[in-house]
Amino acid sequence: MTIPLKDSTSPDAPSALARLDQLKRQLNLTPSAMSLQAPKDMAAERASADFNIDALARFWIGDDVKYERTRKAYDIIQTDPELVMQPPKNILEISRAEMREFTMGQIYRVVQIFQSGKYDPEQAFEIAWVTNIYNESFSMRFFVHHSLFRNVVNMLGNKEQQDRWNDDIENYRIFGCFAMTELGHSSALRDLETCATFDASSDEFVLHSPTITSTKWYIGAASQTATHTVVIAQTMVNGKNVGLNWFVVQLREKASGKLMPGVIIGDIGSKVGHQGVDNGWIQFNQLRIPRSNMLAKWVSLDRDGTFHPAPNPAVMYATLIPERLSLLIVTTQMISQAITIATRYGVVRRQGPKNQQIMDYQSHYVKLIPAIAFMYMMQSASSDINQNFDILTSGGKIDDPMVYLNHMGEMHAVSASVKGLSGWYASDILETCRRCCGGHAYSAYNAIGHITNDWGVMTTGGGDNVVLLQQATRLLLYRLEQKLEFDDYPELKFKSSSHYISDANRLLALKQWDITDVALCARDPSLVEEALNAILVKRLNSINQSLKNGSTHNDLLLESVRLGELHCATYIFSVNVAKFGLPEGPAEIEQSVYKIMQRLTLLWGLHTLHTYGDQGFKEGFLSPQQIKDVENLYLEVSQAIFL
C-alpha cells in the first residue's frame, strides 16, 4: 500500500515534502503580463481589420465550395496519425530515416483514401493537398509521380502510350520519377550524355550511361520508391544523333522492388531540406527497352529505322513549363506559412520604452507588409497563368500542337521569369521572416528554419534562375526587335506578358515620367503600370543597342537578369491591375476583399517601381525627386495597410 508523503514517519519525509512544495511553486508559474496580453493583441488586430477576414480566406482558397472542402480536409488529417505526426513525436525532431518512412506512409495513406471511395475525388485530392502543406517532403515525393512523371507521358506520349500507362499511373500500380538532371549537366540540356541507341535487329533501344558525369543525379523518389521513370537521352539512330528524346523505363520489379537488370541506383544522402524525399542517382548499363517506350506524340521512329523529328525541337522540353508553374503554387504555400508566423509574432511581441508591439515599428511593417502583398499577387497571378497554360494544352494533353507551338515562347518566358523572380524573392522573404522573429526563430520549433531549408531547392530546381531570367530577356529582345523593325507582334489567345512591346514606339518617345505629383498613383495604379512599361521598353532598347555595338550577352548578363526580374514583377502587377484596378469590383468578390486587394496591388506596383527605380534613372526617365516621392508613397501605403 502506498502511504502519502505527508503521513510518512520516515525521517526524510519532511525534507522531501519541502522539496516537492518548492518544485510545485516553480512549475505552477503565475502567467506574466505579456502572456496574458498576447491573446488580447491578436483579438484586437482581428477586430480592427477593415475587411471581412472570412471572406478574404475564402477568396484566397478560391471559392466557398473549395474553402469548405479545405477546412474538412484539415479536420480529417489532423487526427490521422498516418498523415500528421501525433504527440509525443514531433516532425521537427525525427531522423532522416524516420522522415522518409513517415513520408512514404503518408503516400500510402493518401492512396488508400483515393481508392477507398469514402470521399468524392475532389475531397480526396484536397486531403492530399493539405497533407503536402503540412509536409513539403510529401509534396515533393508524391507530386514527382502525380505531376512530373504523368505530365511527361501525357504531353509527350501518343494516345496509344497514354492508354498503355495512364491507368497504372492513376491507380498507383506503378510509381514514377523524372530522370533529367545529370551529375555533369542540368540547365545545359543539349549537353546531356545518357545515350539511347536504336538496335534495329531487335527493335529495341539500348540505354547506357557512358561516363560518371552522365549519371542521372538528384532524382526524387529514385533511391527507394520509383518502379518507373521517364528518361531524357541523346538518341542514336543508324549512327546519327537525332537529338534528345524521352523514354519510359522500368527501374524495379513492381512486386519485389528488385532492380531491373542493367539498372544501377544509389542514394545521394542527406540534404539541407526535404529529408523525407529519397533523392537518388541512376546509371544504365546497356539496358534494353522496346522501341515503343520512346514517347512519340511529337517524334516517331519506324521499324525500319526511319526517324520523324518534332516540328520544333523545343517541344521536347515542354514538360519543364508546368514544372515551373507548379512552383508558383509552392511559393505562396510556403511563404504564407512563414509570413503568418512572423506577422503574429510582430503583433504579440512588445518592446521599447513604451512597450509597443514591434509590428508598429517602421523597420518591421515595411519588411512584412510588402511580403504579404507579394503573396497575394502571386496567388492571384498564378491562377491566371495556369488557366492560360490549360487553354494551350487542353488540360495537359496538347490536343492542338500548332496552338501550343505558337504560344510556347510566351509560356516559356512567363514560366522562366516568374520562377526566377519568385525563387529569389521568396528566399529573401523567408530570411526576413526569420529575422523578424528575433532569437526565437533560431529554434527549430519556430518552423521558419525548417521551411527555409525545404524551400532552398526551389532556387535551382526546375532551372537555375540566372539562366531562366536571361532566356526570358532574350525573348523580350527578340519581340522588341521584331516590333521596331517589322512592326510585328504575335497574336495570342490571351494577353501577353510582354504586351507593352506592342506599344514600344510610343513608350520610347516618352522622355520623362510626366507625373509631378506621385501621390496621384495612390488613386490610379495604371500610372505606375505605364511607368514600368516605359522603363522596360527603354532598358530593352538600350541592351539591344549595346549588343549591336559589339557587347556580348555575357557582358550584359547582370543587366539582362535584372530586366527579367522587372519584367516578371511588372507582369504580376499588370495581371492584378486588370482585376483590381477599377473603383468597384465585380459582384462575385466581396467588396471589402476587393478593396484590400486594390491596396495590395498598389503596394506591389510601388514596391516594384521603388526596387527597380535605378532602371528608370539609368534611362533618364525617372528623376531623383520622383524616386524619393515613390519611396515616400511606398512607405505610406505600407503603413496604411497595417494600421
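Even glycines carry a Cβ here, placed using N, Cα and C.
TrEMBL has this to say about the protein:
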{"type": "DOMAIN", "residues": "52-175", "note": "domain 'Acyl-coenzyme A oxidase N-terminal'"}
{"type": "DOMAIN", "residues": "177-286", "note": "domain 'Acyl-CoA oxidase/dehydrogenase middle'"}
{"type": "BINDING", "residues": "THR181, GLY220", "note": "FAD binding site"}
{"type": "DOMAIN", "residues": "317-477", "note": "domain 'Acyl-CoA oxidase C-alpha1'"}
{"type": "DOMAIN", "residues": "525-639", "note": "domain 'Acyl-CoA oxidase C-terminal'"}
Mind giving me a neighbour count for THR181 (FAD binding site)? Other Cβ atoms within 10 Å of its Cβ, every protein chain shown.
20
Mapped DSSP class for THR181 (FAD binding site), helix or strand or coil
coil
Taking the Cβ of GLY220 (FAD binding site) as the centre, count every other Cβ atom within 10 Å, in any protein chain shown.
24
Sort GLY220 (FAD binding site) into helix, strand or coil using the DSSP assignment.
coil
